[in-house]
Amino acid sequence: MVLGRGLLGRWSVAELGAVCARLGLGPALLGSLHHLGLRKSLTVDQGTMKVELLPALTDNYMYLLIDEDTKEAAIVDPVQPQKVVETARKHGVKLTTVLTTHHHWDHAGGNEKLVKLEPGLKVYGGDDRIGALTHKVTHLSTLQVGSLHVKCLSTPCHTSGHICYFVTKPNSPEPPAVFTGDTLFVAGCGKFYEGTADEMYKALLEVLGRLPADTRVYCGHEYTINNLKFARHVEPDNTAVREKLAWAKEKYSIGEPTVPSTIAEEFTYNPFMRVREKTVQQHAGETEPVATMRAIRKEKDQFKMPRD
C-alpha cells in the first residue's frame, strides 16, 4: 500500500487510521506512516528519569533515556543514528552511552555510524557480534547514566547474548524502567532463534517477572495488536486481553505507540507470562509451564493473524 503526500495532506493520521482499519490494512498503514515521518514519538516523564520513544524503521523503537538531574543520556538500540543525535540536541542533553539489547541489525546496525557522529560513546552489550562494542556486560553487571542506576539482565533465547536493561533512580519513589529488546514485548515475546523454551521461561518469569510490578516495560517493536490477537486466541474469555486490544487499536489508529506497559499488566494478558495459568496450559494441551511455553511459541510462529 502506498499513501501519497496529497492524500496525507487531505486526511489526518486518525482518519487514515480509521480507513485502513476498516480495510484490514493496519500493518501497511504503520509502515507507510513511518516512512512519511508521521509515526509519533512519545516522551514519558517518570520523574528524574525521562524516556523518549523514537520510532525507527517500520516497527522498531529506539529509546533516549535522560537523567534530568545531570542532563546525561543513553540511547537504547540506535538503528537510526542521525535521528538520535538530533533528538539529544533537541533535549539539550549529553549523549554518553549506548545500551544495545542484542546484535540483530535492526537494533545494533547503527552503532558504528553513531560512534563516528558522537566520538567517545560507551557502547554496552552482551555479545561480541555487536558493532562498536566497548563494554561487554554479563548478568547483573551495573553502570550509571548520570544519577540513574542501570542493571544488566541476561535473557538469552532470542539471541544467546541478549541483555535487558533495568533502570532505577536510587532513593526515589519514581517507577523503574526495563528495556527488553526482543525478549519481552507488550503481550508477547521474541522468537527462540538461539535458545529454548526453558531459557525464555527463565527470562520472562524468573528474571523480568520478578522485577517490581510497576516497572515500565519498553520493548523493541510495535507488535502489540497482533500479539493481543494471539492472546485472545489462547484465552478467549480473558477480559484483560480484550480491553487491552481495544485500547491498542485506538492508539494505533492515531499513530500513537502502545508502549510502555508494566510488568503487572503483562501478567494479566501476555500468554507467555501466563504459562503457569491453567487456562493457558489447557489451550496448549500441557500441564507444565515450560512445555506450555514451547507449545504456544510454536503455535504463534504458525498463527494466521485475523484481520479484525
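Keep in mind that glycine also has a Cβ here, set from the backbone N, Cα and C atoms.
What Swiss-Prot records for H102, H104, H158, D182 is Zn(2+) 1 binding site. Remark: H104 (Zn(2+) 1 binding site) has T159, D182 as non-local neighbours, by Cβ distance under 8 Å and separation of at least 6 in sequence.
According to DSSP, H107 (Zn(2+) 2 binding site) sits within a helical segment. What Swiss-Prot lists as Zn(2+) 2 binding site is D106, H107, D182, H221, and the listing cites similarity to another entry.
Same-chain residues at least 6 positions away in sequence with a Cβ under 8 Å from that of K116 (N6-acetyllysine) are not found in this chain. For the recorded site, K116 (N6-acetyllysine), the DSSP three-state label reads helix. The N6-acetyllysine annotation in Swiss-Prot covers K116 (among others).
For the recorded site, E222 (substrate binding site), the DSSP three-state label reads coil. Under the heading substrate binding site, Swiss-Prot lists K191, F192, Y193, H221, E222, Y223, R297, K298, E299, K300, citing similarity to another entry as support.
Sequence-distant neighbours of K229 (N6-acetyllysine): residues of the same chain at least 6 apart with a C-beta under 8 Å from its C-beta are L245, M305, P306, D308. Secondary structure at K229 (N6-acetyllysine), taken from DSSP and collapsed to helix, strand or coil, is helix. Marked as N6-acetyllysine by Swiss-Prot on the basis of similarity to another entry: K229 (among others).
Taken from Swiss-Prot, the feature N6-succinyllysine applies to K229, supported by similarity to another entry.
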Starting from the Cβ of Y193 (substrate binding site), draw a 10 Å sphere and report how many other Cβ atoms land inside it. 13
Given the Zn(2+) 2 site residues D106, H107, D182, H221, which other residues of that chain have a Cβ within 8 Å of the mean position of their Cβ atoms, reported in sequence order? N60, D77, T101, H102, H104, G181, G220
K191 (substrate binding site) to H102 (Zn(2+) 1 binding site), Cα to Cα, whole Å, comes out at 13
If you count Cβ atoms within 10 Å of the Cβ of R297 (substrate binding site), leaving out that atom itself, what do you get? 21
All chains considered, the count of other Cβ atoms within 10 Å of the Cβ of H221 (Zn(2+) 2 binding site) is 21
For the Zn(2+) 1 site built from H102, H104, H158, D182, further residues of that chain with CB within 8 A of the site's CB center: T101, H103, H107, T159, H162, G181, T183, G190, Y193, G220
Taking every protein chain in this structure into account, which of the binding-site residues D106, D182 has the most other Cβ atoms within 10 Å of its Cβ? D182
